[in-house]
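Chemist: Sequence annotations record features per position, and here TrEMBL assigns transmembrane segment to A:21-40, A:256-275, A:308-330, A:350-370, A:393-412, A:418-443, A:471-491, A:706-727, A:755-776, A:788-807. Marked as domain 'ABC3 transporter permease C-terminal' by TrEMBL: A:262-375, A:707-806.
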Amino acid sequence: MAAKQKLMSVRRDWRERDVRVVLVALVIAVATVATIGLFASQLQRTLVSSASSFLAADRQLESENGRPVPPGWLEEARDRGLETGQMIEFSTMVFGETGFQLVSVKAVSDEYPLRGEIEIQPGADESRSIVDAGPGRGEIWINPRLLRLLELEVGDSLEVGNLELTITNLLIREPDGGFRLSSLAPRVMIHVDDVVGTGVIQEGSRVEYIYLFAGTENLLDDYYQWLQPQLEPSHEWEGVRDGETFSRSLERAERFLLLGGSLAVLLAAVAVAVASRQYALSQRDTVALLKTLGLPSKGIGRLYLRRLALWGLVGVLGGLLVALPLFWVLVRLLSDVLEQPVDFYLDPSALVPALLTALVSLFAFAYPPIRRLRHVAAMRVLRSQPGETGREAIPDMVIAIVAVFGLVWMYAGEISLVISLLGGLALLLVALALLGGLMVAALRQVRGGGNAWRLALVGLYRHRRASMAQMAVFAMTLMLAATLILVRTSLLDDWQAQLPDNAPNHFLINIAPDAVDDVEAFWADRDAPLDTVYPMVRGRLTELNDQPVKEAVSKDERVGALNRELNLTWMAALPEDNEIVAGSWFTPGETEGVSVEAELAEQLGLVLGDRLTFTIGSETVTEAITSIRTVQWDSMRPNFYMAFPPGGGLTDMPGTWITSFHLDQSNKVALNEFSRRFPTVSVLEIDHIIERIQQIVRQVTQAIEAILALILAAALVVMAAVVSATLRDRQREGALLRTLGGQQSLLARSTMLEFALLGFFAGVLGVLAAEAAVYALQVRMFEGGFSWHWQVMLPIPVISAVLLALFGRWQLRPVLSVSPMLLLRRLE
Amino acid sequence: MNQMTDLSTSDTSPMLRVTDLAHRVSLETDTLTILQGVSLEINRGESVAIVGRSGSGKTTLLGLLAGLDTPTEGTVALDGAEISSLSEDERAKLRASRVGFVFQSFQLLPALSALENVMLPLELAGIDAPEVRAKELLVRVGLGERLNHTPRQLSGGEQQRVAIARAFASDPVVLFADEPTGNLDNRTGQDVSDLLMALNREQGTTLVMVTHDEQLAARCGRQLHIEAGILTEPESARERAH
């Protein structure tokens with residue numbers, strides 16, 4: 001190999017400590033960012049498709065005006081390569097041998113469900129099974145409650161309108177049934193082609209046509225672009241992202257992953273900057289020699305530029321080599337947790353940030369000090385020249401800061417993230433300058449001596465510039481790591497709080513007012529006490545300030561709440577997870593007024609004092625708004641748009657009661673007895689949904705832990721880079737000290753102490769800055785409250801002190817293990 | 001190589017011409033004069049020793065003669081080229097084609113083998129088949145068996161032999177040596193200086209050497225003394241030179 005080529009070979013470079021640090025930092029940065037990018041992309045896809053089963057499709061188009069959509073819409077979807085399906089939902093009476101019952105009919109086409117599955121039971125005592133298609137023509141699947149209400153058996157026939165259908169299965173669970181509380185009547189499922197035969201649907205019937213779509217996100221988006229201009233206000237396009245349950249958790253997980261990625265970028269940038277500056281310093285002799293041998297500065301520039309490009313290549317390839325298996329493991333974990341195979345989804349666009357990270361780290365951080373190598377004087381071969389003053393590096397630092405924050409911004413897409421981190425760092429530097437001044441003043445008083453403490457303090461003072469620089473980098477690294485740990489902790493706590501193990505997983509709906517006490521007693525006896533039981537009255541909002549609501553609210557507002565009956569309630573106490581944002585909650589004894597959910601209030605432009613008129617059956621109730629409150633829709637508890645005070649306008653309206661409660665798997669048999677004793681009460685089993693959400697949260701948690709581990713590794717690399725930077729000087733000093741008679745143990749102890757002090761102060765500063773950054777992040781990005789985190793924070797300075805002390809001791813081991821003579825010669 | 005020899009024999013102008021050279025360094029408060037009033041001519045094929053104590057300015061003078069640095073005042077012409085008027089890159093080019101160096105601390109690149117260290121200037125000067133020429137030279141300096149050893153695996157004397165091979169690799173017309181035996185024991189120093197002198201004769205190179213070793217200086221055709229930045233030449237030596 002030609003000597004010049006060999007000068008640039010990565011294998012040769014690898015032998016240099018500083019290059020190793022640069023390469024490792026690059027590999028970690030690329031690996032972290034690529035893993036996060038790939039996994040976030042996969043996670044979103046998997047969760048969307050896993051959550052898609054809640055819609056039985058990727059998207060639903062609902063037509064709430066009682067008319068089907070033009071057939072051309074579906075043809076267009078199929079032409080574009082989308083799968084489609086159809087459902088019709090309506091209420092009607094069914095007639096059995098012994099009586100009749102109002103049911104909620106869902107008529108499904110052959111393709112239903114496009115996503116998810118149906119759970120059925122061929123008989124009351126038979127085992128349940130999972131199928132992926134609905135009933136065929138002539139069949140009807142019914143809710144077990146109906147079986148009891150009409151004293152039917154599987155195999156009996158049931159009349160729906162003009163048509164007689166055979167009961168072939170009990171319908172236990174439908175993929176898209178879980179969250180709609182609006183249909184209180186027992187569910188039956190038939191084939192869509194039987195609907196016409198029933199003759200139930202007439203002009204003006206209340207019927208919903210629902211169309212199902214499935215396909216890639218791109219196809220769906222394109223189709224929606226095409227469809228959107230043709231939609232009428234009564235048409236509603238629904239995707240999982242619009243659903244309440246998943247989106248918040250998912251969004252926060254994504255933000256966390258992005259934050260992690262951003263911090264990885266920052267840490268890598270710091271490591272690359274420190275190591276390449278060190279590398280550039282070590283290359284000055286080589287450059288001087290090459291110049292002496294006749295290589296012009298342009299040639300020097302090219303030589304090092306090509307070397308940087310090579311590093312970049314190695315960093316990217318190495319990073320991908322780490323990222324891909326890691327990604328593979330994470331996806332395998334994901335499919336384990338979801339108990340279903342997950343298709344790998346290698347999104348090439350997810351790799352772009354990783355490549356950009358490598359590029360920016362190299363060119364904004366590594367290149368500037370290396371570029372200045374061109375100015376090394378050839379005369380250096382004969383005699384050492386004055387070194388850099390550091391002033392030359394100032395424009396580089398400005399470029400670097402702008403570049404890296406630009407990168408973080410592009411990457412996380414959050415200016416508040418950039419500001420939070422920048423603010424934290426600025427604070428850190430101010431604190432560091434203050435502490436540094438104090439420390440230098442205090443250390444000046446210390447006189448040398450044979451004591452390890454004194455030696456350590458003198459060491460700190462003697463290297464005060466290097467010490468301050470090291471402390472700045474350590475503190476910054478610790479701040480970034482601590483920020484991530486803090487955000488992770490609060491995120492996980494938050495999720496845990498949101499869905500604790502004893503979260504309600506069953507709803508009881510349609511409890512007759514006089515049965516409430518019995519129902520409560522039934523479950524209390526079985527150690528499954530009910531949450532608050534709420535009355536529920538179905539009513540429509542018809543007037544706003546004595547004007548018809550459809551006129552009062554602008555036509556553009558497609559507020560679903562106006563198109564259907566709302567669940568109204570009355571309650572004395574504000575539910576724990578609700579929060580008043582305007583006005584005040586009912587005082588005891590107050591019987592007037594209504595409390596409105598905040599988002600709906602905003603959509604309708606409602607303010608305190610507005611008068612709302614509800615039509616309930618044939619009656620109307622009018623109340624003024626006395627408070628506006630937020631509601632946790634994903635709390636798995638009954639939630640209401642409108643709440644009245646006890647004894648208020650709703651009290652005498654016909655209604656039923658609703659509640660939720662937690663029922664252990666082992667206790668589920670009690671449901672059978674319950675259904676026998678309270679045949680009219682609907683039980684909505686959402687335990688499988690909760691379980692799935694908890695699984696997903698666990699999975700995301702694992703991913704977050706993996707990312708955290710990667711970031712902490714990056715932090716360690718930064719620290720190693722910084723310690724290594726002064727290694728030669730320290731080794732030389734150590735060797736001299738030993739030559740002059742310093743004992744090994746003294747040297748070891750003073751070095752460890754020196755590093756421990758550095759680590760401790762850096763830890764304190766880093767933790768304080770992290771608290772500041774987390775405060776800003778939490779308030780702005782994660783919408784959480786802020787509290788101090790002493791339990792997380794206290795150990796960090798101690799851990800950093802211990803780690804650095806050990807690391808310093810380890811770095812010094814060549815000085816301690818060989819004879820001073822040999823050492824001095826080696827260091828020459 | 002032949003071309004170079006032709007050039008040096010046909011051209012009778014001096015290899016180095018120094019006129020009124022002065023070099024000063026600005027310190028924080030005042031200016032330090034390192035060299036002043038240096039004028040000098042060195043002919044082709046001459047071997048010249050510059051002798052002086054530490055701090056006398058001899059290394060600075062060597063750097064200026066070789067075009068590693070530019071003087072504060074005065075001019076240096078190397079092989080007819082006015083060094084002080086050249087840009088740094090032009091000077092680098094001049095060094096690549098006409099100048100060789102031997103240093104006190106060898107200055108081998110630790111990551112390259114002996115062979116690669118010698119090949120490096122050949123590659124930089126764009127000479128064909130650098131490996132053949134480099135091997136020839138290493139065999140000539142007695143290291144034919146150690147081509148692939150890195151500097152760490154070589155003794156000081158061996159390292160300096162590699163450096164000498166490297167210095168002659170690109171057929172320089174002038175060779176600058178800075179205390180070439182300064183880091184070696186007497187015996188090894190003797191061997192190395194023998195080699196340097198022999199190669200110099202064989203190649204017909206002009207040699208400019210800085211040393212405080214009187215014995216080594218005595219082996220050169222001409223000796224210059226430098227003290228406190230002022231160059232003097234003993235009468236006898238000057239006569240011999242002209």
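Here the Cβ of each residue, glycine as well, is placed from N, Cα and C on the backbone.
Predicted, not measured: the structure shown is a model, and the values here were computed from it.
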Chemist: With CB pairs under 8 Å as the measure, which of the listed stretches A:21-40, A:393-412, A:706-727, A:788-807 comes out on top against the transmembrane segment (A:308-330)?
Modeler: A:21-40
Chemist: Do any residues, 6 or more residues outside the transmembrane segment (A:21-40), come within under 8 Å Cβ-to-Cβ of it, and if so which ones?
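Modeler: For the transmembrane segment (A:21-40), the far contacts come to 10, 13-14, 254, 257-258, 260-261, 264-265, 267-269, 271-272, 274-276, 278-279, 311-312, 314-316, 318-320, 322-323, 326-327, 330-331, 346-347, 350-355, 357-358, 361-362, 366, 411, 703, 706-707, 710-711, 713-714, 717-718, 720-721, 724.
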Chemist: Over the domain 'ABC3 transporter permease C-terminal' (A:262-375), what is the model's mean pLDDT?
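Modeler: That stretch averages a pLDDT of 82.
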Chemist: Take the transmembrane segment (A:393-412) and find every residue of the same chain, 6 or more past its ends, with a Cβ under 8 Å from one of its Cβ atoms.
Modeler: 33, 255, 258-259, 261-262, 265-266, 269, 273, 277, 353, 356-357, 360, 363-365, 368-369, 418, 421-422
Chemist: Please give the sequence-distant neighbours of the transmembrane segment (A:706-727): residues at least 6 beyond its ends with Cβ less than 8 Å from one of its Cβ atoms.
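Modeler: 17-18, 21, 24-25, 28-29, 31-32, 35-36, 257, 260-261, 263-264, 267-268, 270-271, 274-275, 277-278, 326, 330, 463, 466, 469-470, 473-474, 477-478, 480-481, 484-485, 488, 755, 803-804, 807-808, 811.
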Chemist: Under DSSP, the domain 'ABC3 transporter permease C-terminal' (A:707-806) has how many residues in helix, strand and coil?
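Modeler: The counts are 85 helix, 0 strand, 15 coil.
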